[in-house]
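> These came from TrEMBL, pasted as-is:
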- 8-124: domain 'MTTase N-terminal' (DOMAIN)
- Cys17, Cys53, Cys87: [4Fe-4S] cluster 1 binding site (BINDING)
- 146-378: domain 'Radical SAM core' (DOMAIN)
- Cys160, Cys164, Cys167: [4Fe-4S] cluster 2 binding site (BINDING)
- 381-442: domain 'TRAM' (DOMAIN)
Amino acid sequence: MKPTETPKTYRVKSFGCQMNVYDGERMAEMLAEKGIAPAPEGEDADLVVLNTCHIRERAAEKIYSDIGRLTKGKTQTKPPMIAVAGCVAQAEGEEIMKRAPAVSMVVGPQAYHRLPEMLDRAVQGERATDTDMPPIAKFDALPRRRKSAPTAFLTVQEGCDKFCTYCVVPYTRGAEISRPFVDLIAEAQSLVEAGAREITLLGQNVNAWSGEDDKGRAIGLAGLIRALAPIDGLERLRYTTSHPADMDDALIAAHGEIEILMPYLHLPVQSGNDRVLRAMNRSHTAESYLKLLERFRAARPDIALSGDFIVGFPGETEAEFKDTLSIVDEVRYAQAYSFKYSPRPGTPAATMEGQIAMEVMDERLQRLQARLNRDQHAFNAATEGKTCTVLVERKGKHPGQWLGKSPWLQSVWFEGEAAIGDLVEVEVVEGGPNSLAGRLLVAAPA
Ligand code: SAH
Ligand code: SF4
Ligand code: F3S
């Protein structure tokens, strides 16, 4: 590659999960430290970071088409310098370098703290790949947080040792690690100082977080939540995503005791059939999962439940799929994500016998989603006439309209006197399929 000028503007495009959103923000902060500014909406960026996801379908193919559009002037008038980050970078870094000469940098999810240095080399005309996996080193090398939105993500745990047979995450994100307690308290404090009122603790297996508090006591996620809760100015805490195998009594109890821990639990089950769950290498059964949910409901009766589902796992019969429908009927999720099984290269399930035809998966997904939508709508409708506290996140389309979140993570629209970051009381007028319409009652004192 030819040497070029140092980019003046950047754009980070993040795909996939919230960890990628967090990583994207951290990369943006590093670029800002280097004096590179975010490209204004609709304008060309000198540097584009594609922060990719590898979880399903032709995610990698999408990256090549994005790169093609950038270099051919379809996305912006002038082709930018391109960096590929995220889980596709980790899984297929060398392949990307070979196939896409327009890419200057390939950087994995555990190595992006080296992005500024790679950028210096790219400016000299060198192409660089870094897919090392020293996760804690990354966090230590990142600049201080200065994000100023009312809601913020905070990665507390990364990686996965569960090896569900369909999943790429253990390969792209590496082994489970927990960030140190003191670092997390410090990062949460700087997020709140910068304006965050809600923090969502993130991890591929966030409830596997473990560490030692400032007095040297061994604690789990519940202990971390208890230590974060008193931070002055922090109004809401959430965490995602949990694995049933790592759930402990302390976390369940925390839902009944810590006021700012929101009544919401995302706990993927994937399937309602025990044979399929075993083949997936999930360590729970349908029954053990349901028992766990019962305990959460006992601790926090109004808790909103959310989950992930995969239909068409290799060998899944119609009867086995119906067990998934049954568990949905039993749980009545407030919200959920459902996917068609996608064979991921290098995972055990990709070469299992009994791969399911696409038409069958399409049809099963439709049936499943019909029930999940029914339950989500019912959950929303059940809040009609009730009052809830809404954290205002942004302006709506119409003048005077605002969008915020309820404690149960529902989107709430309302009109009136408010500002981003306010916690306001809203009466729910209508509970629709995807959001709530509300009437502003009184603005809480700031
Ligand atoms: N660590 C989290 C998130 C994993 S990825 C967890 O265990 O819940 C998010 C979701 O993507 C998973 O819960 C699963 O439902 C889905 N998923 C993962 N791999 C998949 C695959 N190969 N095909 C279809 N869906 C998949
Ligand atoms: Fe993937 Fe399973 Fe780990 Fe979740 S627990 S990240 S689905 S391997
Ligand atoms: Fe995707 Fe990687 Fe997250 S594969 S879902 S971006 S951990």
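Using N, Cα and C of the backbone, Cβ positions are placed for all residues, glycine too.
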> How many Å separate the Cα atoms of Cys167 ([4Fe-4S] cluster 2 binding site) and Cys53 ([4Fe-4S] cluster 1 binding site)?
12
> Taking the binding-site residues Cys53, Cys87, Cys167, which residues show a Cβ-atom distance to ligand 1 below 6 Å?
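Checked binding-site residues vs ligand 1; flagged Cys167.
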> Report, in whole Å, the straight Cα-to-Cα distance of Cys160 ([4Fe-4S] cluster 2 binding site) from Cys87 ([4Fe-4S] cluster 1 binding site).
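Roughly 13 Å, rounded to the nearest whole number.
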> Counting all other Cβ atoms within 10 Å across every protein chain shown, which of the binding-site residues Cys17, Cys87 scores highest?
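The residue with the densest Cβ neighbourhood is Cys87.
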> Is any of Cys17, Cys87, Cys160, Cys164, Cys167 (binding-site residues) within Cβ reach of ligand 3, i.e. under 6 A, and which?
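What lies within reach of ligand 3, judged by Cβ under 6 Å, is Cys17, Cys87.
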> Quick one: DSSP breakdown of the domain 'MTTase N-terminal' (8-124) into helix, strand and coil?
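Tallying H, G and I as helix, E and B as strand, the rest coil: 55 helix, 24 strand, 38 coil.
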> Should we count any of the binding-site residues Cys17, Cys53, Cys87 as near ligand 2, judged by a CB under 6 A from one of its atoms, and which?
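If the test is a Cβ under 6 Å from any atom of ligand 2, the answer is none.
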> Which residue counts does DSSP yield for the domain 'TRAM' (381-442) in the helix, strand and coil classes, in that order?
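Split into helix, strand and coil, the domain 'TRAM' (381-442) gives 1 helix, 36 strand, 25 coil.
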> Whose Cβ lies within 8 Å of the mean position of the Cβ atoms of Cys17, Cys53, Cys87, the [4Fe-4S] cluster 1 site, other than those residues?
Phe15, Gly16, Met19, Asn20, Thr52, His54, Ile55, Ala59, Gly86, Val169, Thr172
> Provide the number of Cβ atoms within 10 Å of the Cβ of Cys167 ([4Fe-4S] cluster 2 binding site), excluding the reference atom itself.
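Summing over all protein chains shown, Cys167 ([4Fe-4S] cluster 2 binding site) has 23 other Cβ atoms within 10 Å.
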> Can you give me the Cα-Cα distance between Cys160 ([4Fe-4S] cluster 2 binding site) and Cys17 ([4Fe-4S] cluster 1 binding site) in Å, rounded to a whole number?
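It is 14 Å, counting Cα to Cα.
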